[in-house]
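Quick notes on the structure that follows.
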């Protein structure tokens, strides 16, 4: 038996034909072995004759894969491995290497094959195909192409469809679909017994789609059809998958219908693509329809598709439906995996359904699925984002007790939560623990700690942390980070603390930008310290930073909000001299300031100036004007302007409609107000709490108590939570009209919604139900909680 021993793997370029150092000429390894004394019957044969050159018209394509010399694939062969006798040259070694190939590594398999031509042996088509697969598996596709185009004859084989398809798949899998197309065209141009089949076309089409070359993929698909090759399920599925990933679901649906019409039956992969495509596009009805259609054909979606549909439900805030689908998965034989649990847990967490989240977490353990780090991260992050730091820390402790190691995200989440709560000592302790556990803190961790120190007044520690992160090679926080901290403190009214952060930024050598200065200016304006705001403006200029329109808008708004409209107008007139053009926002601020100061005439003039200057009038501008007119007892003028704007097809927002409904009611135009309310839904707007509040008050003042009740129920059914102010207004109005039982109903609603009574409501109840009150006898109509009023008087 012939024993072929692979004494070394291919050496690539190192195995190329060597140059004879003495003679200065290239020699072949086989010839050098022969010249070293290995002669006679056992000597290795000379290189087999090359096959004829390809036809001229294919020469250019062949040059894409130049032939290496035959010796480049020559392995060592054990001496004495040839059988005696001269019949070795015609021996076909089929069974021995067929047994050895499955046992060898890809490189070793090649060593088993390539000695055959040099020994005059031939292999069969299966062996040659296996050799090509080995080359492709070893990422040596170029060599596989060379074997396919130039060396198959040495193995005693002719390339067949399997050989070509093997190479095509390797080229496309490695992002070389264009070369795959060229090889496909080469095969088609050769003619003969081997012609590209549906597998070859499908492979290249799929490759182009993977590389984002949809145009080339579609062109090849049409070429395939023109060649009379019927697309297979794989072909159609590749096209459908690409269209689904591009969110072109309508086109994907058309291809699916065309596929069925042409007799190709969709399989699980096809439907999985469609279901996932519809789900990720938010078209959940169509996705569910595909589920039903798939099952009607006797196919079952796999767990990946189920999880995709589950994820889409959760992303669209439909965790209740997701839970029902999750339960149905188990009932229908799809056992949820850890990914399924993660998806639903995240859905509950996002919607704040903590009880359901913990129940599902416990169900994981009952189902024998151990929670991993990502599961615990979902729970910790959910509690942390809702300010439930103690609960987050309990989960963190449980995580460690169960032997699950926290990762960088876990520590980052916990440290951020503790820092926000001002528990800086605990946060620093978690930082030390994190480092001790071998988890390196990242930018997010240091940002959380620095932000916590800044907000809670420990600027010395903040500066130390900045130095520490820089020493570790982590870039220090940008000016944008510090600007966000300054802005937060200013919005909270802590402008002095914000200025301390500003000074810290300067001390660290960081250069503030225009956003930093604008935030600080806004902070001083909010607390009515306009002089200090102007000093910051001067400091801004001294830093070489040019104020922009936002800077001046902030200052003008500060003056107007604090009732200093004249100072605001003065600064407004200075803007053009500073080469800063007022914009829509600037004029809106001035108009609002003028209306609030009662200067209706001046506001009209300012509006005309705005339009004549070519400044865009936005819907916000109209809202300011209409609201200003109504506040200044010019409701009829506002209604006229509103109607005129309606004829100009101006698209109103709900805030303007609320203003106009209220205005119409105030001037006694109740029917117009009701008609305007009725027109809200047809105009594609959604009534908000303010809309319902206006209408309920109108109805109660008209003593239409039942209609007001119905309006409140409509609001409740729309998912709009009534404010404490609205509930108190309704209770007071009902009590004043003697509707004690109705008022008692709303007092019960207050209890259910945990809305507190205002002092004015309690005072009215005391006056009505005390011993001397005119409704003292009706106190039994109130909820028991409020019947104590009869003890006063």
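Cβ atoms here come from the backbone N, Cα and C positions, even for glycine.
Nobody curates TrEMBL annotations by hand; they come from automatic prediction.
The annotation repeat 'PPR' is assigned in TrEMBL to 124-159 (among others).
Tertiary proximity for the repeat 'PPR' (197-231) is limited to same-chain residues at least six positions away from its ends with a CB under 8 Å from its CB atoms, namely 161, 164-165, 168-169, 171-173, 175, 177-178, 180-181, 184, 187-188, 238-239, 241-242, 246, 259, 262, 264. For 197-231 (among others), the entry in TrEMBL reads repeat 'PPR'.
Across the repeat 'PPR' (232-266), DSSP classifies residues as 26 helix, 0 strand, 9 coil. The repeat 'PPR' annotation in TrEMBL covers 232-266 (among others).
Mean pLDDT for the repeat 'PPR' (267-301) in this predicted model: 84. Residues annotated as repeat 'PPR' in TrEMBL: 267-301 (among others).
Below 8 angstroms of C-beta separation, residues 303, 306-307, 310-311, 313-315, 317, 319, 322-323, 326, 329, 378-379, 381-383, 386, 388, 391, 399, 402, 404 of the same chain, each at least six residues beyond the ends of the repeat 'PPR' (337-371), sit close to that stretch. Under the heading repeat 'PPR', TrEMBL lists 337-371 (among others).
Taken from TrEMBL, the feature repeat 'PPR' covers 372-406 (among others). The DSSP breakdown of the repeat 'PPR' (372-406), given as helix, strand and coil counts, is 26 helix, 0 strand, 9 coil.
The repeat 'PPR' feature in TrEMBL is assigned to 407-441 (among others). Sequence-distant contacts of the repeat 'PPR' (407-441), counting only residues of its own chain at least 6 positions beyond either end whose CB sits under 8 Å from a CB of the stretch, comprise 373, 376-377, 380-381, 383-384, 387, 389, 392-393, 396, 399, 448-449, 451-453, 455-456, 458, 461, 469, 472, 474.
The annotation repeat 'PPR' is assigned in TrEMBL to 478-512 (among others). Here the repeat 'PPR' (478-512) has, by DSSP, the following mix of helix, strand and coil residues: 26 helix, 0 strand, 9 coil.
Look at TrEMBL and you will find 513-547 (among others) tagged as repeat 'PPR'.
According to TrEMBL, the repeat 'PPR' annotation covers 548-582 (among others). Tertiary neighbourhood of the repeat 'PPR' (548-582): same-chain residues 514, 517-518, 521-522, 524-526, 528, 530, 533-534, 537, 540, 589-590, 592-594, 596-597, 599, 615, selected by CB-CB distance under 8 Å and a gap of 6+ residues from either end.
As annotated by TrEMBL, repeat 'PPR' applies to 653-687 (among others). Counting only same-chain residues 6+ beyond the ends of the repeat 'PPR' (653-687), those with a CB under 8 A from a CB of the stretch are 619, 622-623, 626-627, 630, 635-636, 638-639, 642, 694-695, 698, 702, 715, 718, 720.
Residues or ranges marked as repeat 'PPR' by TrEMBL: 688-722 (among others). Residues of the repeat 'PPR' (688-722) grouped by DSSP class, helix first, strand second and coil last, total 26 helix, 0 strand, 9 coil.
Residues 654-655, 657-658, 661-662, 665, 670, 673-674, 677, 680, 729-730, 733-734, 737, 739, 742, 753, 755 of the same chain lie 6 or more positions beyond the ends of the repeat 'PPR' (688-722) yet place their CB under 8 Å from a CB of it.
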